[in-house]
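Below is one structure, written out as C-alpha cells, with a few remarks after it.
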Amino acid sequence: MLVLFVATWSDLGLCKKRPKPGGWNTGGSRYPGQGSPGGNRYPPQGGGGWGQPHGGGWGQPHGGGWGQPHGGGWGQPHGGGWGQGGGTHNQWHKPSKPKTSMKHMAGAAAAGAVVGGLGGYMLGSAMSRPLIHFGNDYEDRYYRENMYRYPNQVYYRPVDQYSNQNNFVHDCVNITIKQHTVTTTTKGENFTETDVKMMERVVEQMCITQYEKESQAYYQRGSSMVLFSSPPVILLISFLIFLIVG
C-alpha cells in the first residue's frame, strides 16, 4: 500500500510540472518571428489549444481576448473601445430616430379645410372651370387653350365675417389669384396680362359659387339651431327623454 501511494503521488507531481500545448491564455499572442513552435502565432502555425483554429485562446479565431474575432476589447469586432466596431460603427445604445407616424403624413387638403399660414382662410372644393366668353375670338380661344393653368379652387373665409356678397367675392378673388400666382411662379411659369385678366373673371365666378354654397350651409345651420332652441321643441325633447328614462 505504501509503495502504491508513493507511485501515485509521483505521477500527480509530474502531471503538474508537464507543460500544456496551448490552451487559454498560454503561449502569448506573438507575430511571426517571435513565437515558439507551439505558441499562438499569426499567421497560424499550429499548436493551439482547444477551440483555437489559428493558435489563439479559447474562442479566439485570430488571437485576442475572449469574444474578440480579430483582436480588441470585449465586444469589439475589429478592435477599438467597448462597444466600438473599429471606430466605424455607431456607439452602443444610440437612440434610433423616431419613425414618422402615418397618421401625421395622411390627409390632403379637403373642402373647407383651414389652410395654415393664411390667417384663417379655407380652401374650397375643386370646381369645373366655367365657360366664359370674353367678347372676341382671340381671347375665347386663348382661354380654352390655357384654362387648365388657372385655379379650380378658391380661398375664402366664413361668410359670417362679411357684411355682404361683394366683400366676400372681392377678398376671395384677391387671395386666390395671389396664392395661385406665387405658387405657379415658383415653378418657373409666368402669367401675362391676358392670363391675369382671364383668371380674374374665372375666379370671380368661382367665388360667387362658393359664396352661395357657404351662405346656404350657414343659414341651414342657423335654422337648425333656432328650431332646437325653441321652447316647444325643448319641451318635446324633455318629455321623450322622461319617457325613455322612466
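Glycine too: its Cβ is placed from the backbone N, Cα and C atoms.
Recorded disulfide link (Swiss-Prot): Cys207 to Cys172, out of the candidates Cys15, Cys172. Residues belonging to the repeat '4' (69-76) score a mean pLDDT of 46 in the model.
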